Ligand code: Z5A
């Protein structure tokens, strides 16, 4: 028995967390067993590393060192949660995964691709997404959404970056989606959350054969 692995990717405030939750609800309503998780994080060890990374404590060490930390967190997450869930036949819905490293540390951070290849091999082995939903909105919309949600809380390591940074992130995600169209589906995430959820459910049904979509009214 082997499950299905779905990842959601995209820049800040594109709605990944919202849509991961909506997709998991939708698949559960269809009678599927779903594990919802996120990166960096998902296991106690990886959540501890998340705190170190997002606090900015590792930023002075440079993007290659941050890539090592993301890879260490991912190795624990894959071994401790994702691989066992897939082996048990469950559907894993993960908010960010390997494409985030390729975009933030690779395309934007300029970490050498051969180093990222090695780290990816070590951390995930053969565990690769069956489907990656790349959520796309113009950065000004994503950043405004994230700012509304944060409502005065301090910006983390990545949230404090400027507009050019987030534009580069968007371009790199678009390039990844274009380079791997069989694995990746590009989703226009600028519509309201119900419309985006419906578009995602259609893609999941057509690409993976996981059910037809009915509006659940779960809200954003
Ligand atoms: N990172 C990395 O560099 N390398 C790696 O390998 C990995 C990660 C795995 C993790 O940040 C950071 O780590 C990330 C990249 C880096 N930083 N950045 N940027 P995080 O996990 O704390 O945050 P995030 O992944 O960027 O997600 P987010 O900012 O929390 O946004 P989101 O999940 O895409 O959006 P959301 O939380 O679902 O929605 C944001 C708000 O918008 C919220 O109030 C919603 O109610 C609202 N929303 C959602 N959808 C809509 C629609 N459709 N319309 C209107 N409003 C909406």
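These residue numbers are counts, starting from 1, taken along the chain as shown.
Just so you know, glycine gets a Cβ as well, placed from its N, Cα and C.
Annotation comment: TrEMBL describes 8-200 as domain 'Thymidylate kinase-like'.
A sphere of 10 angstroms centred on the C-beta of residue 10 (ATP binding site) encloses 29 other C-beta atoms. What TrEMBL lists as ATP binding site is 10, 11, 12, 13, 14, 15, 16, 17.
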Remaining residues near the recorded ATP site, that is with C-beta within 8 Å of the centroid of the site residues 10, 11, 12, 13, 14, 15, 16, 17: 135, 137, 142, 145, 146, 189
Within 10 Å of the Cβ of residue 14 (ATP binding site), how many other Cβ atoms can be counted across all chains shown? 28
Taking DSSP as the reference, which of helix, strand or coil describes residue 10 (ATP binding site)? strand
